[in-house]
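Asker: Structure below; questions to follow.
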Amino acid sequence: MTSGQQRQGSGNGYLTDQESLRLRRVSSRMSSPIYHDVNRSTSSAEDDKGGSELNREIRSNPWHMAQKRTKWLEQQKQVPAQFSEGSWKHKRTKYVRQFKSNVRELLYFFSLWGKSLQKIGGNFGGGVQSYFFFLRFLVVLNFVSFLLIGGFVLIPSIVFRSVGTNLARNTGEEACLKYNPNPEGLVVFYEFFLHLLSGTGFMEYSYMFYGYYNNTMVEDRSFSYNIPLAYLFTAVFYFAFCLICIIVRMGKVARVAVTTGGSDVSNYSRIVFTGWDYGCLGSKATSLKQRNIYYRLQVDLEEEQLQMHAASLSLCNKVTLYSLRVLMFLVAVGLLVATFIAIFNATIFSQEQNSKAEGILALFYEYLPSIVITAGNFLVPLLCDQLALIEKYSPSATVVLALLRAVILRLVSLAILLYTLWGQITCQGNTYYRNITESNMTDCDLCQYNHSAYPCWETNVGQEMYKLTLFDLLVNIAILVLVEFPRRMVVDNWSCKLSQWVGRQEFGVPSNVLGLVYGQTVVWTGALFCPLLPLINTVKFVIIFYCKKITLFNNCRPALRTFRSTTSTFFFLAVLLFGWILALVVMIYSVAVIHPSQACGPFRVFPNMWQIVPNSFYSLSRVTQDFLFFIGSQAFSIPLFALSCVVMCYVIALASIYGKSVTMLRAQLKLAAQDKQFLVKQIKKMKHLTPQNNEGEQD
């Protein structure tokens, strides 16, 4: 019967498939013995260490783990202790491994919001969980940044405020030295609340803002501290530290995205066979992990379904779809341009009317740019989400496109605000100051900035960033209390068609992430002018975390359209990097171009903030100057550049080799998957053979 099946199979073409299967196995023949030898050596080592026939007998018996463990403990009591070098090394390795595991569990116990993030990922998927991971990263980043600023700027300023001398006397004009931020006379109680919201009054001349810091230097025989130099270098190190943290995290996320990327058959096998966490204890953790794997499979299946649908479109349908996408792109650009024009006009109107109004009306004018920016950031993404329904992109592409539109809206709106403020500070590009009397233009020429409107312009810029940060927090709390909870109550308790059509809200990850990026960009922009802004942002993000967690579990339902969390996390960090670049441009322009205020701040005696660096350089010892000159000379830079090129070539070569190895391994995995599919097909064909055919073949 077997020979008959083989002959019949050869006639039907089965032998050709088997031969192709053998040929495909030949390509991986070199790797199979390696794996076999490794496994054999590992098992032999284990037998030497555990090394008894009784242990092998325990492994071979079909007992559950509790019985095997009891039997093994009984054997250990009977076996005498062996004090050999191998057993001591084995015990040492075991103890070190156990110690590392205990330390890892302890760090996880003290990790920020560890259990909450696990619960969020199990109930709402990795996409929503990536938002909260991103929020936790920003909280830690802001807190460490505050420690950096507090250690090098805030504490020395408090300690040395009444000690030391000014670096130099201010030689500016008398009109440029007038600055009195303290309110005169009695202040009504409610004005303290207005000052707290606007950053004026008692808050303006405090450690919160730039204008309160002195240009003093403490010198002793064994100690000297230059507060202006520390102020500038701390800002530079703060930006460098944030850049390093972003790049390191982007590298980790990119490595995970490359490892788990793709939607081929191997990705499903990886999720099914290696996605389970065997450390899950209890039904609750198991259920959360099951839901997480379910959402990952759902994302992959939706992506594959949309790709198949896009491939099946006819030429006419493709032309119609692309035309709609171009039209929606033009509409989105029009919405963005209209928002930018509104922010520009609102900023100019706010600065013109602020000095004329008092009380609540003055507070409204101060917050008018923030109100317009927040309204634009709230309405335009909603309209763009409706446009995305017409564009019909995949879920991941929709998230990326929403991120790009929102980042352009938020970052450019902030850039428009700063550009308008700089135009008014430097008296350039502002028709209001061009058409007014010549006294203001003379004031700008005399002090090199608009001293009459901005006697301490750095503090004014810091106040704008402070108001944007505070207003963003108030808006998030107001939306939670006044919009999200009432919507949930109406949908749950009112069974009309309108409430059913509205339904519970979904947690929009792109819009929420862009809110975090916008808030962090504001902090980076204002950190030079408001040193305590990172601390305020840390408290703000902690409050936002609990607000978002409350609204997620009480007011939101799982999203109908999911997306890949690894890809979205990488784009979150890329967008955050764009915000860092915008804030860096603001800092460079403020440090190197605009003249510092002559009536306040640590740089009041310098033509620009960067001038403190060469002045401090020439005050160093001769040996230190020669060393720094050598670092900046060609004798040091050219060999350093050559060495960097060699190292870069080596790294590129390594990356190429590793890339080829990864490609070969992926090809072997695909071949293995095809072999398994082929064997499954052969088994199905053998099952379809009828008993009559089997009897005929046997005859």
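Just so it is clear, glycine is given a Cβ too, placed from its N, Cα and C backbone atoms.
When I checked TrEMBL for this same protein, it listed these features:
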- 1-18: compositional bias 'Polar residues' (COMPBIAS)
- 46-59: compositional bias 'Basic and acidic residues' (COMPBIAS)
- 456-565: domain 'TMC' (DOMAIN)
- 1-20: region 'Disordered' (REGION)
- 28-60: region 'Disordered' (REGION)
- 133-159: transmembrane segment (TRANSMEM)
- 187-208: transmembrane segment (TRANSMEM)
- 229-250: transmembrane segment (TRANSMEM)
- 327-348: transmembrane segment (TRANSMEM)
- 360-380: transmembrane segment (TRANSMEM)
- 400-422: transmembrane segment (TRANSMEM)
- 468-485: transmembrane segment (TRANSMEM)
- 522-547: transmembrane segment (TRANSMEM)
- 568-594: transmembrane segment (TRANSMEM)
- 627-658: transmembrane segment (TRANSMEM)
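Describe each of these features in terms of where it is and what it packs against.
Answerer: For the transmembrane segment (187-208), same-chain residues at least 6 beyond its ends with a Cβ under 8 Å from one of its own Cβ atoms are 154, 157-158, 181, 359-360, 362-363, 366-367, 459, 462-463, 466-467, 470, 530-532.
Non-local neighbours of the transmembrane segment (360-380) in the same chain are 194, 197-198, 335-336, 339, 342-343, 346-347, 349-350, 353-354, 405-406, 409-410, 413-414, 417, 464, 467-468, 471-472, 475, 514-515, 518; each lies 6+ residues outside the stretch with a CB under 8 Å from one of its CB atoms.
Note on the transmembrane segment (400-422): residues 332, 336, 339-340, 343-344, 347-348, 351, 369, 373, 376-377, 380-381, 384-385, 388, 391, 393, 428, 460-461, 464, 468, 510-511, 513-514, 517-518, 521-522, 525, 567-568, 571-572, 575, 578-579, 582, 586, 589, 594 of its chain, located 6 or more positions outside it, place their CB under 8 angstroms from a CB of the stretch.
Residues 197, 367, 370-371, 373-374, 414, 505, 515, 518-519, 522-523, 526, 533, 536-537, 540, 543-544, 547, 550-551, 554-555 of the same chain lie 6 or more positions beyond the ends of the transmembrane segment (468-485) yet place their CB under 8 Å from a CB of it.
Within the same chain, residues 113, 132, 135-136, 138-139, 142-143, 145-146, 149-150, 153-154, 207-210, 213, 231, 235, 238-239, 242, 414, 418, 458-459, 461-466, 468-470, 472-473, 476-477, 480, 516, 579-580, 582-584, 586-587, 590-591 sit at least 6 positions outside the transmembrane segment (522-547) and bring their C-beta atoms closer than 8 Å to a C-beta of that stretch.
Within its own chain, the transmembrane segment (627-658) is flanked in space by residues 617, 620, which lie at least six positions past its ends and keep a Cβ under 8 Å from the stretch.
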Asker: On the DSSP side of things, how many residues of the domain 'TMC' (456-565) fall into helix, strand and coil, could you say?
Answerer: 85 helix, 4 strand, 21 coil
Asker: Could you tell me what the rest of the chain brings near the transmembrane segment (229-250), counting residues at least six beyond its ends with Cβ under 8 Å?
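Answerer: Same-chain residues near the transmembrane segment (229-250) but 6 or more away: 137, 141, 144-145, 148-149, 152-153, 156, 213, 524, 527-528, 531, 570, 573-574, 576-577, 580, 583-584, 587, 591, 602-603, 609-610, 612-613, 616.
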